[in-house]
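**Student:** I have a structure I would like to understand better, so I am pasting it below and will then ask my questions one at a time.
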Amino acid sequence: MEIIKISPRGYCYGVIDAMVIAKNASLDPNLPRPIHILGMIVHNKHVTDAFESIGIYTVDGANREEILDKITTGTVIFTAHGVSPSVKAKAVAKGLTTIDATCPDVLHTYNLILEKQAAGYEIIYIGKKGHPEPEGAYGTAPDVVHLVETKADIDALSLLSDKIFVTNQTTMSKWDVADLMHYIKGKFPKAIQHQEICMATQVRQEAVALQAKDADLTIVVGDPRSNNTARLAQVSIEKAGTKAYRIADITELDIEWIKDAKKVAVTAGASTPTQLVREVLLFLEQFDAADKTTWKREHNQDFERILPKTKNKYMAEKRSQRLAHLKNGGS
């Protein structure tokens, strides 16, 4: 069996930043305890379990406001997906110490929404309903942000203003966003469009579209709640023409998928620990369809290998530089 190791894959800088911020919090004796994360720091249960092992507790729920109601004391970390100003204000009003791990790319989109609101625009935001990033985007300017996920949502819009700005969730499929933006342009010809697929998401999607073409199947390693992981599987099917299977870790890999395969492509979501991908690759490298002794799939739970090992003293400066770069038109 030939294994196509799609590159790039796995952790993006936003995920790494958020994890380092949370790890640093665990090492700071001056922060009020307990330390909670408002939702999953990134959408991967292996990561949240690893943080719980060092005293950083995930509190989850339907939305950020609801989750915050469950936290009464200590420190709260806002996840990489971002939160609305009202959630931040509520946390402060409750007397909680707050730490913001929002990805700079997401912050840039939120800032853009505020700028366009101040300039008198109605904002159409393309995103996945129920995902925390669009929740935060809508909450940034609820009077002018209109969340759409499908063409039916766009059909239902009734906007009288000619000043319309269109942007999107950073982890969407770039092809889906382009399709919906084209549809929006047909209904609102004067709309200004600004695609905000983050570069890490885009290059991972493009890699799958190109590198999975010759594979018999693609294995996408990532949490079932990860939107960017779902989009990678979608890209494999729709753009590379290769069937795809999503697994959280090696224990979910079905032998039936691979026993007759000649080429297997492997990629991973931006919130997937490298250790989990390595286990899949090592298994495939030794797999022999004719030898059942090679079929055993085991996950070695090693939290130390999932969590970042060192503090990054330049973290705040690096994040500020990234935000400035995006504001100046960078990608």
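Cβ from N, Cα, C; glycine included.
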**Student:** Per Swiss-Prot, which of H81, H325 sits in the (2E)-4-hydroxy-3-methylbut-2-enyl diphosphate site along with H43, H131, T170, S226, N228, S271?
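**Tutor:** It is H81, as the record lists it for that site.
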**Student:** Do you see any of the binding-site residues H43, H81, H131 whose C-alpha is within 10 Å of C12 ([4Fe-4S] cluster binding site), and which ones?
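**Tutor:** The binding-site residues close to C12 ([4Fe-4S] cluster binding site) (Cα within 10 Å) - there are none.
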**Student:** Of all the binding-site residues here, C12, C103, C198, which one's CB has the most other CB atoms within 10 A?
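**Tutor:** When each Cβ's neighbours within 10 Å are tallied, C103 tops the list.
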**Student:** In whole Å, could you give the widest CA to CA gap in the dimethylallyl diphosphate site formed by H43, H81, H131, S226, N228, S271?
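**Tutor:** It comes out at 15 Å between the most distant Cα atoms.
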**Student:** If I restrict to non-local contacts, at least six residues apart, and a C-beta distance under 8 angstroms, what lies near E133 (active site, proton donor) in its own chain?
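**Tutor:** Set apart from E133 (active site, proton donor) by at least 6 residues yet with Cβ under 8 Å, we have H81, G82, V106, G127, Q169, T170, T171.
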**Student:** Quick check for the class: what is the C-alpha distance, in angstrom and rounded, between S226 ((2E)-4-hydroxy-3-methylbut-2-enyl diphosphate binding site) and C103 ([4Fe-4S] cluster binding site)?
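**Tutor:** Cα of S226 ((2E)-4-hydroxy-3-methylbut-2-enyl diphosphate binding site) to Cα of C103 ([4Fe-4S] cluster binding site) measures 15 Å after rounding.
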**Student:** Residues other than C12, C103, C198 within 8 Å, Cβ to Cβ centroid, of the [4Fe-4S] cluster site?
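**Tutor:** Near the [4Fe-4S] cluster site, beyond C12, C103, C198, sit Y13, G14, V15, A80, P104, D105, V106, T170, T171, M199, A200, T201, A270.
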